[in-house]
Amino acid sequence: MVMASKEMCSVSENFLTCHICLGEYKDPRVLPCYHMFCLECIADHAAKNGVQNKLSCPVCRQEAPVPPGGLENLLKNFFLRKVTDCVKDQKAPEGRLYVVKVQRELIQEKLRCIPNAKLSRFEKLEKAIVRTVKRLTENQTKTLRLVAFQRLFMTKEINENSKTIKRELSDYYQQVEKDLHKQADAYLDDVKQHLETYRTKVQSDYTKMKRSLNDKSNTLYVEVKAHTSTQMKTLEAEKDKQEMNKTSIQSTLDFAQQLTDTGSDVEVVTHSKKIQVSIQALQKLEPVFDTKITDIIFTPGQAEMDLVLQFPKIPEARPLCIKTGSLTAKTYRGPLDAHFGSLKHERAMVFQKVAWLDKPERNTCLNVKDWLRDIQCIDDWCVLVVGSSDTVSVFSSTGQCNRKICIEGGASKGSLRCAYHHGINAIIVSDCKADSVYAVTPQGDVMFQYGARGQSGSGGGQLYDPRGVCVDNFGHIFIADRDNDRVVVLGLDGTFLRSILSSSDNIELPLSVSIDSNGGLVVGSVRGKISTYKYIA
């Protein structure tokens, strides 16, 4: 009894905190998703939010059925049951201790399949979403500022031209009055009335222009704010989704680790199969940020007035002759909307900022008995290897060749390698014969070129027999610079960033590069060596 009390005290010290009451667990119960809560807390949650004998987990929102007989029949926390099991079953049969040992090893093996960096990638994705929200806010501020500036500029020009035509008509009238001073007052009154009518009409047009400017400006204000607000809500929902995924991963990992460290034999056997299935599901869960974000760009139109008004024709009194002239005041030619400007939507380029490691860390290395032409990574860390024997071999992370695929007619022996860059919507083409790498649009237009065509070298902006190319999730372009024994990294616009690997890293004649499902850089050399590297923090 004393030993049991001591063990219970030890277990109590390791208790987690209830996600609902944030206090020490009281009669803890486990949901099918392996999240634990106080019985009273989860019962209160089910009473308020449960529907038709079902409740959703307060942490991961996974739906769970209410056990027959009520929530009291939920699985109890195995830490409390450990004391009872130790008292009742102090010595387990050797056979069961061995099924237990195997299950522990299986769970540990599954845990090792989840990389330590998975949670950090979710955290980096959350930070990228926050940066995107900030960018949208800045874009809205910038766009609205340009709209306001355009309105002020055009309003100022309208006011200036309004004053100009008023002044010029007045000056013209004075000149006519001087020329016709000796003419009859009736004729002068007629001319004055005619000009006044024209001035009133033009001033009315200017007033309508200003009113139209205000309406157009207000319409664009509403559109910009509505567009930004919609995307803000989408990003907030995406952030909540990623936080929920991260919490689910963390909870399952914690439960599995506690089960293998301190769980009883019975509990390990009971939960082993289900926890392994949960862990396998987590292996395929990756942070994906595929929300389509668009910026609003305001393009000012032709704001200056370029149509010179024609002077009004005035009545003539014979034999009088009135000298006519032209006005310097201007007005807009065509619809005012075209002069003010318009909005257009462009896909925003959103890439996470990375922290480069000073020296890439090699994770795995395997040797292939063949001269490599190209490699590509697929799911579950399988590598497709194109060799000189005109076959495609599928290798596992342990270096085992799972199968070989024969290519009918022989493999192409051309000089080109290529990869698609989703960020800039371009095909990255490596031409070993020209010692150059190009970014080409699907229409065939060259966006940029790296390397002097036909001039090999190891200096700045030069390549020597470049081969494989690939693009990572951050938009970086990797080039296997074969005869320089290095891997070169370019930015989105084709600018040189760094030589990430060189001969000092035991890289010899790199032929192929690819990015695996864990975000690692895979490099294949001519002599059949394939290595993976962690290259960012």
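Keep in mind that glycine also has a Cβ here, set from the backbone N, Cα and C atoms.
The annotation domain 'RING-type' is assigned in TrEMBL to 18-61.
For the coiled coil (225-252), the list of distant contacts is 33-35, 59-62, 114, 118-119, 122-123, 125-126, 129-130, 132-133, 136-137, 139-140, 275, 278-279, 282, 285, 287, 289, 291, 293-294, 296, 345: same-chain residues at least six beyond its ends, Cβ to Cβ under 8 Å. Here TrEMBL flags 225-252 as coiled coil.
The feature repeat 'NHL' is assigned by TrEMBL to 454-493. Proximity of distant same-chain residues to the repeat 'NHL' (454-493), defined by a Cβ-Cβ separation under 8 Å and at least 6 residues beyond the stretch ends, is recorded for 349, 351-354, 374-375, 417-424, 428-432, 434-437, 439, 448, 499-503, 507-515, 519, 521, 523-524, 526, 536.
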Summary of DSSP states over the domain 'RING-type' (18-61), given as helix, strand and coil counts: 11 helix, 10 strand, 23 coil
